[in-house]
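Student: The active site, proton donor/acceptor feature in Swiss-Prot is assigned to His64; the stated evidence is sequence analysis. Sequence annotations record features per position, and here Swiss-Prot assigns substrate binding site to Trp24. The feature Zn(2+) 1 binding site is assigned by Swiss-Prot to His54, His58, Asp60, Glu176, with sequence analysis given as support. Residues annotated as Zn(2+) 2 binding site in Swiss-Prot: Asp60, His164, Glu176.
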Amino acid sequence: MSSWKSQRRIWDISQTLRPGLPIWPGDTEFGFERTWRMDEGSPVNVGRMTMSTHSGTHGDAPLHYAEDGLDAASMELDSYIGECLVVDARGVSGEIDVADLPHIESADRVLFRQWDSFPHDEWRSDWLPIAAETVEWLALQGVKLIGTDAPSVDPQESKTMSAHKAVLKHDMRILEGLVLDDVPEGRYELLALPLKIVDGDAGLCRAILRELPDAG
């Protein structure tokens, strides 16, 4: 048998789904149980999961923030595949504003890192939201997907969802809950396909970054 390994480095930027996974306050906790067991005579092991559509790393569907928006089964896929720019926003305070981004170059997809270390074991509400004006500016630059290692592009207590609404206005897409701890600022290939869920307001992703072909 031949052994194949990609010559380009891969970063897994997904959260691990597990009991105890931090969740949005009041949302459905992640649960997993084995329903068929080989140690009980079944020829196979089979499990059952319960979770929110916004558990872990996920892509919001427009249905999440617009009553007539596309569901997760209807979203096009090209936004979630291709070259992206990872931006280190750890020095920013308050919210990610246009003034914080003078170094952003042209890119179809922009991912923001704000945590020094991703909070795998606790829910933190002190993340950096993305200003609606920043979304508007990114859209003018041709950006079609915004990603963040935060649980949301808006503040936890937001009632206006202004960043989400700006994304909707420009038919952009959102990835939330990324894990970017080990990823240096720069350009990568993104692959992060949300699950195809009818009536889904979001789809869980196994998101990865890969070195661009000419890197190194």
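Yeah, the Cβs are placed from backbone N, Cα and C, and that goes for glycine too.
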Student: Among His54, His58, His64, His164, all listed as recorded positions, which has the most CB atoms within 10 Å of its CB?
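Tutor: Buried the deepest by this measure is His58.
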Student: For the binding-site residues Asp60, Glu176, which Cβ has the most other Cβ atoms within 10 Å, all shown protein chains included?
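Tutor: Max Cβ neighbours within 10 Å, all protein chains included: Asp60.
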Student: At a 10 Å cut-off from the C-beta of Trp24 (substrate binding site), count the other C-beta atoms across all protein chains.
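Tutor: Other Cβ atoms within 10 Å of Trp24 (substrate binding site): 14.
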Student: Give the distance between the Cα atoms of His64 (active site, proton donor/acceptor) and Glu176 (Zn(2+) 1 binding site), rounded to the nearest whole Å.
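Tutor: Between the Cα atoms of His64 (active site, proton donor/acceptor) and Glu176 (Zn(2+) 1 binding site), the distance comes to 13 Å.
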Student: Tell me which of the binding-site residues Trp24, His54, His58, Asp60, Glu176 ends up closest to His164 (Zn(2+) 2 binding site) in space, Cα to Cα.
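Tutor: Closest recorded candidate to His164 (Zn(2+) 2 binding site) by Cα: Asp60.
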Student: For Glu176 (Zn(2+) 1 binding site) and Trp24 (substrate binding site), what Cα-Cα distance in Å is obtained after rounding to a whole number?
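Tutor: For Glu176 (Zn(2+) 1 binding site) versus Trp24 (substrate binding site), the Cα atoms are 12 Å apart.
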